[in-house]
Each structure stands twice: as structure tokens, then as C-alpha cells.
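Undergrad: Input: one structure, supplied below.
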Amino acid sequence: MGSDTDLEVMRGAIDILDELGVAREVRVLSAHRRPFDMLGYARDAAWRGLETIVAGAGGAAHLPGMLASATRLPVIGVPVPLRHLDGLDSLLSIVQMPRGVPVATVAVGNARNAGLLAARILAITDPELAERLEALHDDMVARSAGADERIATAYPAPEIDEG
Ligand SMILES: Nc1c(C(=O)O)ncn1[C@@H]1O[C@H](COP(=O)(O)O)[C@@H](O)[C@H]1O
């Protein structure tokens with residue numbers, strides 16, 4: 001993440017990766033504040049054994065794109081919403097990458113989806129992780145179906161006379 005002030009949002013990615021048992025590291029790196037450290041991190045990432053990078057930043061959010069410029073690993077960008085502009089600035093900074101330097105961008109503030117997407121990428125070659133992801137998905141489907149039943153019961157539809 002670009003700053004420790006992003007942690008509250010980025011915790012969404014950390015938590016889901018921990019829940020799924022995915023090994024991860026959590027770092028503060030900034031293209032603006034520590035460009036050389038950031039580039040070194042990106043350059044060494046694949047060699048160190050990392051397989052996917054989730055990068056969250058707010059405002060002029062250049063971190064995900066700059067990481068993607070210096071590594072072949074997939075980079076998933078999380079637009080962190082700040083007090084001004086509600087994250088639209090972060091979103092546009094991350095999503096509008098030039099051809100040749102892809103960054104997969106999730107919704108504003110949705111670090112959980114970034115963690116899930118990273119896990120899906122890793123699950124391509126990890127059948128046990130794939131199973132845990134499927135269980136999580138089944139759980140979400142069951143909760144949605146339960147919500148449907150509760151709401152439909154609370155607001156019963158009128159009988160439809162089909163005659
Ligand atoms: N967007 C970037 C980058 C970068 O893109 O390199 N570095 C820090 N930041 C962002 O600045 C915001 C404010 O940071 P501070 O709260 O530390 O001032 C954070 O959301 C951070 O991600």
C-alpha cells in the first residue's frame with residue numbers, strides 16, 4: 001500500500017488471504033515517496049518467489065501501475081478512497097493504464113475482491129486453495145439464498161390468480 005493510512009481499506013485483502021491460508025507479506029511502498037525502493041521491490045518480486053501483487057493507493061495512485069511497469073507478475077490495483085473526490089481520482093489513476101502494462105482494477109475500496117482475485121490466480125496451480133475458494137463461494141451462495149427467503153417471507157407477494 002502507498003501509506004499506512006491505507007491499512008484500514010487494505011485489511012480487506014489481508015483478511016481474506018489469511019482466511020484462505022494464502023502466504024502473504026504486507027508492505028508500505030510508494031512510487032512518489034520512495035521510488036527507488038518501490039522499483040527494487042517490483043524488480044525482485046518474481047525472483048523472491050512472489051506470484052501476485054495486490055497494490056492499494058489513494059489520490060494520484062501511481063503505485064499499482066509503476067509496480068506493473070517493473071515486474072511481470074500480475075498486479076491487482078485497489079483504488080483507496082480519500083476524503084476528497086471519494087476515490088474517483090484513485091480509480092482513474094489505476095484503471096487507465098497504457099497498452100502493454102496491465103493492472104487488474106477492483107472497485108473503489110474493495111480490497112477483499114483484490115485478495116479473492118489474487119487467490120483465484122494462485123488457485124490455478126493449487127487444487128487445495130481452489131477447494132477452499134469453492135467452499136467460500138458456496139457459503140456466499142447459501143447466505144444469499146437465505147437472505148432471499150427471509151426477505152420474501154417478510155414481504156409476501158399477493159396471490160396471483162392464474163385462472
Ligand atoms: N498514491 C500514493 C502513492 C503512490 O502512488 O506512489 N504513494 C502514496 N500514495 C497515497 O497517498 C495517500 C495519502 O497518504 P498519507 O495519508 O500518508 O498522506 C494514500 O492513500 C497513499 O496510498
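Even glycines carry a Cβ here, placed using N, Cα and C.
Just so you know, TrEMBL annotations never went through curation; they're auto-generated.
Taken from TrEMBL, the feature domain 'PurE' applies to 1-144. For SER3, ASP6, ARG33, the entry in TrEMBL reads substrate binding site.
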Undergrad: Let me know how many other Cβ atoms fall within 10 Å of the Cβ of ASP6 (substrate binding site).
TA: 22
Undergrad: Minimum Cβ neighbour count within 10 Å among the binding-site residues SER3, ARG33: which residue?
TA: ARG33
Undergrad: For the recorded substrate site formed by SER3, ASP6, ARG33, which further same-chain residues have Cβ atoms within 8 Å of the site's Cβ center?
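TA: Not counting the recorded site residues, we get MET1, GLY2, ASP4, THR5, VAL28, SER30, ALA57, GLY58.
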Undergrad: With DSSP as the reference, give the number of residues of the domain 'PurE' (1-144) in helix, strand and coil.
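TA: The domain 'PurE' (1-144) comes out at 76 helix, 14 strand, 54 coil.
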